[in-house]
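Enquirer: Sharing a structure with you now.
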Amino acid sequence: MALEPFKESTPLTMGVELELQLVSFSDYDLTASSPDLLHLLAQKPFPGHVTPEITESMIEINSDVHTRHSELLAQLHEVRDTLVQAGEKLNIGICGGGTHPFQKWVDRRIFEKPRFKEVSSLYGYLAKQFTVFGQHVHIGTGNGDNALFLLHSLSRYLPHFIALSASSPFVQGGDTLFNSARLNSVFAFPMSGRAPFTLSWDEFANGYFAKMEHTGVIKSMKDFYWDLRPKPEYGTIELRVCDTPLTVERAAALASYLQALCAYLLDRKEEAPAEDDYLVYNYNRFQACRFGLDGTVVHPKTYESLSLREDILTTLRRMDPYAEKLGGSAALNHLMQVTHMGSDAQYLRDQFAASGSVEGIVDAAVQRFRGRR
Amino acid sequence: MPDFLVISADLAWPLAVLLAWLAGEFIHRYTRLPRISVYGLVGFVCAQAFPDLFATEAGSPVAVMANVAFGLILFELGYRVNLNWLRVNPWVAVSGLAESFATFGIVYLIASLWGMDTMPSLLLASLAMSTSPAGVLRVINEQRSSGQATERLLHLVALNCVLAVLTFKVIVGFWVFNTSGSLTQAISLSAIELVSSALLGAVCGMLVPAVLRRLGNLAREGTLAFALVVVILVAITHAYDLSPVLATLAFGLTARHRRVAFTRTQRNFGAIGELLMILLFVFAVSTLDWNNVVNGGMLAFVLLIARFAVKTAGVAAFSQLSGIPWRKGVATGMALAPMSVFVVLLLEQTKNSGVVFIDELAAVAAMTVFMEVLGPIITQRSLIWARETTKEE
């Protein structure tokens, strides 16, 4: 079956998906409660969409399509409040964070859905280890060629999103020394990493995709776990490197930052993307995951070493006029604060130091998601 | 030459525990039945085959160890209960109160109609309200079960235990007053005992987390510290005729809500906890007399069915209101089946105070034996039916 045509979309519209953790208030471990929570949420209208994820300790929520930061944030607030209320009724804590700090993958249960069962039988324990929590951001691109142009142009900015959203320093009860350990779990999948370099949708769909489909390795775009992937059925590109932040405010801010960056890139003021940009891609990605805002990245065109924090600040300033036009200035201000105050990963490490336990981290994350800290 | 019988008596308990463990492992491997059902069966068979070897005095080391094992379970239960949930979603508490008191009513009614005297009927009814945390918690941990049925089950078990102990002690107080005429003795056997036990546990629940907090390195110290304090609590309650059930449960509850830091205890208190648990389940049925089981068998059968139906209906009735589907409500109610270990230890402890009921309550012996084996199996099947257990993928 050939790849479906790229749907026409309004450029620079945005939508957000958040994978969230379901935590037991008994012991702060993950709880296999998504069927119960989804049952309860189905009783009333939900301000967005909520769907199950691969293991029963996760859910995914999706926003509608928005053009402005304030609208997106308002909806995410509504979604959060509805979730928190339902969670309280069932004694379930709900929180962000890219990983649960001490859950054991072996205790996870795969959600009863054919696709999840298929993934589980193909990937074995990797499927349960995929109990990690990310934020995906969709940006409308207008057409397929624009999508591929944006996708490859954004590769240079990917470390920004990793560092700003990083919230997964702990795995299996220990500090990994990474700010985003979640992305290491994604890397284990054979179809992860970066998309092949082409700027033409025709070439991508009829060349690369058709060949891959012929090999029998993939059936649809869903089988690719790329950091950035085109989503022809929505007419968007999807950024997948962000950890789920601890607050919906940060989630909305990250989406608006990506929106402003896309607006800027579509102005074609930067040198066009090239295959060689990917020479430093994995290194930069590693730096952002490992050191977060304190990382050092290499500019793909000039090979100059840059402080990631400085690079983000410079870019945020350059995005100001675009954000203003799109109504996203507050979002950029929020992210500016993050570069000064530290990321969620830093916050979680502080909580560990203050409470002395990994359970204390989860409690803090649950409270923070509610907007109480 | 050493006396063969003396050696046998010394060896009897360790051998029974070993046999129970082996049987539990083998039968669980081939049938997936809960191990604890097998422990109870082995205990009952051993005690009937060699009644002299397994006769235990109140306060014997085996009885004390069984109480410690039960104390650990009650602490673990209390430590997992979130009282705030019962405030946010009061329907969970309402369903617990409804099924407990409806069980009390129906059991009292049936026992009276069967021709039992008022006092034994009341005692029987109060014991039937209870659900044994030992059976339930062991099955939950063994099945690695999680979800709403599991979560509610834990909270309902705690509620049932507290209600059953309170009701039982009040009735015992009346019994003592009726037979001795001494109000002081009656009050000291009920009200004072209940309040002091709960207070003792609560004080420990405040002190231990505070001390742990000062020690630091909580993940490692938590389990050991809590276990040690449970042992001490059981010893104190034994020495002063207080209720170990209330003390250890209150300890767990307070420790959970007063914790300055959030530490988990190891499930089942690790390998030593497992060992004590086998002993507990073997011990529980070894105290029962086969004649009582036979005499009370028919009534027990009727009562068990009534208790099972009322508890299931009581929880299921409030399932939709409390936010879960019918199926999960029914499963939760069914999973409340176990009651044996709780009942035995409550009666044993009352025996310490010089009040002996077990002969009047022949039906209790029969109920205990049935439920020691069947209870955990019903809980296990209910949790599987509620789709809350871990399956092999």
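Cβ atoms here come from the backbone N, Cα and C positions, even for glycine.
Just so you know, TrEMBL annotations never went through curation; they're auto-generated.
Per TrEMBL, the features are:
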- B:18-380: domain 'Cation/H+ exchanger transmembrane' (DOMAIN)
- B:6-24: transmembrane segment (TRANSMEM)
- B:36-54: transmembrane segment (TRANSMEM)
- B:60-79: transmembrane segment (TRANSMEM)
- B:91-116: transmembrane segment (TRANSMEM)
- B:122-141: transmembrane segment (TRANSMEM)
- B:153-177: transmembrane segment (TRANSMEM)
- B:189-211: transmembrane segment (TRANSMEM)
- B:218-236: transmembrane segment (TRANSMEM)
- B:269-286: transmembrane segment (TRANSMEM)
- B:298-318: transmembrane segment (TRANSMEM)
- B:330-347: transmembrane segment (TRANSMEM)
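A description of the local structural setting of each listed feature is requested, covering burial, neighbours and distances.
Expert: Among residues of the same chain six or more beyond the transmembrane segment (B:6-24), those with a C-beta under 8 A of the stretch's C-beta atoms are 35-36, 38-39, 41-43, 46, 50, 52-54, 62, 275, 278-279, 281-282, 286.
Nonlocal intrachain contacts for the transmembrane segment (B:60-79), taken as residues 6+ away from its ends with a CB within less than 8 angstroms of a stretch CB, comprise 13, 133-134, 137-138, 154, 157-158, 161, 226-227, 230-231, 233-235, 238, 244-245, 247-256, 265, 267-269, 273, 276-277, 279-280, 283-284, 341-342, 345, 348-349.
Here the transmembrane segment (B:91-116) has long-range neighbours at 85, 122, 124-126, 128-129, 152, 155-156, 159-160, 163-164, 167, 299, 302-303, 306-307, 310-311, 313-315, 317-319, 321-323, 329, 333, 336, 363, meaning same-chain residues at least 6 beyond its ends whose C-beta is under 8 angstroms from one of its own.
Tertiary neighbourhood of the transmembrane segment (B:122-141): same-chain residues 34-36, 69-70, 73-74, 76-77, 100-101, 103-105, 107-108, 111, 116, 150, 153-154, 156-158, 160-161, 163-165, 167-168, 171-172, 175, 267-268, 277, 280-281, 303, 307, 311, 335-343, 346-347, 357, 360-361, 363-364, 367, 371-372, 375-376, 379-380, 383, selected by CB-CB distance under 8 Å and a gap of 6+ residues from either end.
Listed as Cβ neighbours of the transmembrane segment (B:189-211) (distance under 8 Å, sequence separation of 6 or more from its ends, same chain) are residues 165-166, 169-170, 172-173, 176, 225-226, 229, 233, 236-237, 240-261, 353, 355.
Within its own chain, the transmembrane segment (B:298-318) has Cβ neighbours under 8 Å at 91-92, 94-96, 98-100, 102-103, 106-107, 110-111, 114, 116, 124, 128, 131, 152, 156, 326, 329-330, 332-334, 336-337, 339, 362-367, 370-371, 378, counting only residues six or more beyond its boundaries.
Tertiary proximity for the transmembrane segment (B:330-347) is limited to same-chain residues at least six positions away from its ends with a CB under 8 Å from its CB atoms, namely 40, 66-67, 70, 99, 127-128, 130-136, 148-149, 152-153, 156-157, 160-161, 164-165, 168, 244-245, 280-281, 283-285, 287-288, 307-308, 311-316, 319, 324, 357-358, 361, 364, 367-369, 371-372, 374-376, 378-379, 381-383, 385-386.
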Enquirer: Taking a Cβ cut-off under 8 Å, which residues six or more beyond the ends of the transmembrane segment (B:269-286) line up next to it in the same chain?
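Expert: Residues 13, 16-17, 20-21, 24, 36, 39-40, 42-44, 46-47, 54, 56, 62-63, 65-66, 68-70, 72-73, 76, 134, 138, 223, 227, 340-341, 344-345, 368-369, 372.
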